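Undergrad: Here it is, the structure in full.
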Amino acid sequence: MKSIANVAAATRSHVDMFRRRSNPSSSDLVGLNLISDQLLDRSTAFTCAKIRVNRPTLTFPSTRMMCVLPPIRRLSQLPANSSRPILFVQSDGEDNESKINEENWTSFTNGLHETLELPSISVPEKHVNWLLSDKRSPIKPYLATRMVELEGVHPKIKIVKNCERRQQQLAGDEYVNMQPHRRRKRILLDSHLACAETIGGNENTLSNNANGSTEKTLSELSRQLPGMPVHVIKRLVDDFDATPGDTECIHVLYQHQPISRILSKILPPNEDDDEGTQQSPPSSYEQIGHIAHVNLRKPHVPYGKLIGRVMLDRLQPSIRTVVNKLGEVGGPYRTYAMDLLAGDDDYLVRVVEHGVSLDFDLRKVYWCTRLEGERTHMIRSEFRPNQLIADAFCGVGALCIRAATALGCTVVANDLNPDAVAYCMESAKRNGIHIGENDEGKFRVQCGDAREFIMNLGICVSAAESSVSSTSMEGGEDDDNIDAVVPPVNGNKLPDHLLLNFPLNSPKFLNALRWWPSGGDKIKSPPTRVHVYTFSRGDDERTASVVAVDMVADGLLPEGGYVKPSKFRGGYLNELGCNVQAREIRDAAPGKSVICVSFSVTRLLLRRMQGDYGLV
């Protein structure tokens, strides 16, 4: 059996032969280079295994486990439409390839390491900070940090290196005592600027004055960095005394790579693609306590367990469970089914948001981590200390509890889901909030229908002021119903803010406002500010925000008719003093956004809703 060194040398000769060809096979050329690189790093015995690179099957000596990972500098030799040659094989003596699954994939992690060869330029130390930070720097678009291959790599690589050859030529103290304009550093650049034949540098070219003409330095840099514009190279040489620098070999280990990069290597090729391109990996996940929640597309579902195991391995110990959402959010409680992909079968999570601790079972309630920014916006920009906040769809109470703890707000809240209400009350107690009963306390939560909750906020104030009789309720409900709802708050005070965060159907609950008192003089509080969250899509005439405002207007004052939907009604609401504002919160789907429409409940608006058009 030949030694590894002999096999590597023989392989290199084949590489040279392929390079001399006029039209070398890209798969053969890249494969031979990669195999020889792998062999040089091996010191153990090896057997024969089949290695498939971009469909062709080649037979070379290899170790028992091998991953073909091309250096970045050789990617430029591949056709633009070709996929990266990546394949794991395992020799078993039967000439069969093993498949990666959730049980054995960790044995292949050594093959996931990458090596990047980055070109560099050498400049005086005094110029480094300006070249890296100033927006006028000619080199910023070409820095190694701009490479797609380094996105998400943690920790980030350092792109400023010492000029090692030059420092070896000088005594240590001599280098330290050098004048600042003579000290030099190397700046690492994008690998795509160079090619395999020209990569490398010569740090013996220390300055233009020391090594001849500027033209010589320009020629060397242009040869080393064919992908960089000539005018940029000329400015670097003329203004910053730039010279060619040595190539830097950067090792990106498996544990430093983002999950999407790892999955892109181990997921099998697309079965429907004749060219065998790799599948696009899942791009994101949502962390909820110790649970990582993903939404797998249909092509990824068969490999869900493998994806879950990879995520669990990379995200431990903060993540102990990985789940996949099944179906859409639905049902009366806005919950969804989930499939356990990896980790513990434990769904009772603890979420800490701005110092507030929330405990709940993810299977029983609705939760969206992405709404944390919106909750923060409401507390910082909309709410004021000691205001009265009413939340018709409070869920587990994240916004309510934060408003009570951060601003001392009085809270009345409601949710149809009894589990959400129970978790809200438990979390409030855990955060030091006193839960009130009847008309006592500053934090009260009930379980019931949101429309009745909104109606009774006004009816209770009307009853306290003796301005509206309880028998005027639609449908003739009995007086006993009022005892079961939220009691009057602070005497005759309506809430300062009313939130309806149910994007699927919020505008349809707005007609409950017509039960609020519009007498005016006895109600001393300022107009309530209502915040309605709704899904919205733009059309040929309107943006998504304008459509959302029209939906709110229809919920407040429906125009009737089934032929044409009403449009551009925000101006009419503003004529009633509503001060309508719309904000886009997030994208829910392509072309579909969540919009928050805020307006004030004025006396004139309530009179219009109650059928009184005589008040001006």
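Cβ atoms here come from the backbone N, Cα and C positions, even for glycine.
Below are the features I grabbed from TrEMBL:
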BINDING   R375, D415, L416, D449, A450, N501  S-adenosyl-L-methionine binding site
DOMAIN    285-603  domain 'SAM-dependent methyltransferase TRM5/TYW2-type'
Undergrad: Just checking, which of L416, A450 (binding-site residues) has the fewest C-beta atoms within 10 Å of its C-beta?
TA: L416
Undergrad: Taking R375, D415, L416, D449, A450, N501 as the record's S-adenosyl-L-methionine-binding set, what's the max Cα pairwise distance in Å, rounded to a whole number?
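TA: Among the residues the record ties to S-adenosyl-L-methionine, max Cα distance equals 23 Å.
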Undergrad: Cβ distance under 8 Å to R375 (S-adenosyl-L-methionine binding site), same chain, sequence separation 6 or more: which residues?
TA: E353, A398, L399, R402
Undergrad: Any same-chain residues 6+ apart from D415 (S-adenosyl-L-methionine binding site) with CB under 8 Å of its CB? Would you list them in sequence order, or say none?
TA: F393, C394, G395, V421, C424, V445, C447
Undergrad: Once the chains shown are all counted, how many other Cβ atoms turn up within 10 Å of the Cβ of N501 (S-adenosyl-L-methionine binding site)?
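TA: The answer is 24.
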Undergrad: Restricting to the chain of D449 (S-adenosyl-L-methionine binding site) and a gap of 6 or more, list residues whose Cβ falls under 8 Å of its Cβ, or answer none.
TA: L416
Undergrad: Restricting to the domain 'SAM-dependent methyltransferase TRM5/TYW2-type' (285-603), report the mean pLDDT as a whole number.
TA: 87
